[in-house]
Amino acid sequence: MNQRALIQALPKAELHVHIEGTFEPELMFAIAQRNQIEIPYKSIEEVKQAYNFHNLQSFLDIYYAGANVLIHEQDFYDLAWAYFKKCAEDHVVHTEMFFDPQTHTDRGVPFGIVINGLQRACNDAQAQFGISSHLIMCFLRHLSEEAAFETLEQALPYKDQIIAVGLDSSEVGHPPSKFERVFAKAREAGFLVVAHAGEEGPAEYVWEALDLLKVNRIDHGVRSEEDPVLMQRLIAEKMPLTVCPLSNLKLKVVDDMQQHNIHRLLQQGVHVTVNSDDPSYFGGYMNDNFYAIAEALDLSNDELKQLAINSFEASFISEQQKQAWSERIHAL
Ligand code: HPA
Ligand code: ZN
């Protein structure tokens, strides 16, 4: 089988996607219009021209502005449904998607509106496409610890619909240690935990995510390679890193795809997975990320299969389901 066909045929799990980052300009325009909200762009072309990021912060400024048009439950449904259609096209059969409640509650949109819209799309995706999903709510790390505690409180009535808490937004200057107490409380309440660390921030932030937040996975984590002792720890603990190649390229974490370290990490035995992060902003969904690394880094078919197996192994599905997907992949 040629590589593109293999990538398409592989069942895959997506573990690092921000639902607000799947907001395609066409849908953004449609929702802005029906909600009668002004956006600072006159055309879809203008929106796309604004996407010339030079780092994480310049991206986040535009990403938060786009999310401002989301108000009603139906808006959140439409957003997630559009993403599930992409999953179906790319043979993503399971997804664990992030949402940023504070981006919405800070504008007066109730927590329940956000989660009800997303959950309804998840239910329909299961029914229509057979795609399973979990929701992960992220705390915005540029906001205060107190604000994160309030958000955790608002989430408690919806605990059964949220599998984990995460940590995203501007990394440098907002280390995991800032949220040690909130994460302890979240774990006590029964949430699994993940955190963005080692994207723009140093390897030290990955240590903090492991030791202080006690995460089940690291999101990004590519800068872990700068610390050999940390690398040994990640390998020994089989700690997943949810790597996002096109995101790293677009936000200039790497200068070109040939320099991306995902292949080296995989060869050294780190449990890496492939993900799209904010696909509408970074130039591609799951399979585009696979195509980009397969070509630039000359991955073998066995390595592509391993990356797909890793995605299920690192997910929060049952051991039995992990086994079943792994067998399916080996049989390809
Ligand atoms: N990093 C941090 N915060 C984010 C990202 C990211 O890649 N995408 C959306 N919020
Ligand atoms: Zn991310």
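Quick reminder: no glycine exception, Cβ is built from N, Cα and C everywhere.
Feature annotations, reproduced from TrEMBL:
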{"type": "ACT_SITE", "residues": "Glu199", "note": "active site, proton donor"}
{"type": "BINDING", "residues": "His16, His18, His196, Asp277", "note": "Zn(2+) binding site"}
{"type": "BINDING", "residues": "Asp278", "note": "substrate binding site"}
{"type": "DOMAIN", "residues": "11-330", "note": "domain 'Adenosine deaminase'"}
{"type": "SITE", "residues": "His220", "note": "site 'Important for catalytic activity'"}
Residues flanking the Zn(2+) site, with Cβ no more than 8 Å from the Cβ centroid of His16, His18, His196, Asp277 and excluding those residues themselves: Val17, Gly21, Phe98, Asp168, Asp219, His220, Thr242, Cys244, Ser247, Asn275, Asp278
Annotated recorded positions Glu199, Asp277, Asp278, filtered by Cβ under 6 Å to ligand 2: Asp277
Where the C-beta lies under 6 angstroms from ligand 1, the matching recorded positions among His16, His18, His196, His220: His18, His196
Most Cβ neighbours inside 10 Å, all chains, among the recorded positions His16, His18, His196, His220: His16
Cα distance (Å, whole number) from His220 (site 'Important for catalytic activity') to Glu199 (active site, proton donor): 5
C-beta crowding around Glu199 (active site, proton donor), within 10 angstroms: 24
Lowest local Cβ density among Asp277, Asp278, which the record lists as binding-site residues, within 10 Å: Asp278
Reported mean pLDDT - the domain 'Adenosine deaminase' (11-330): 97
In sequence order, the binding-site residues (His16, His18, His196) whose C-alpha falls within 10 A of Asp278 (substrate binding site): His16, His18
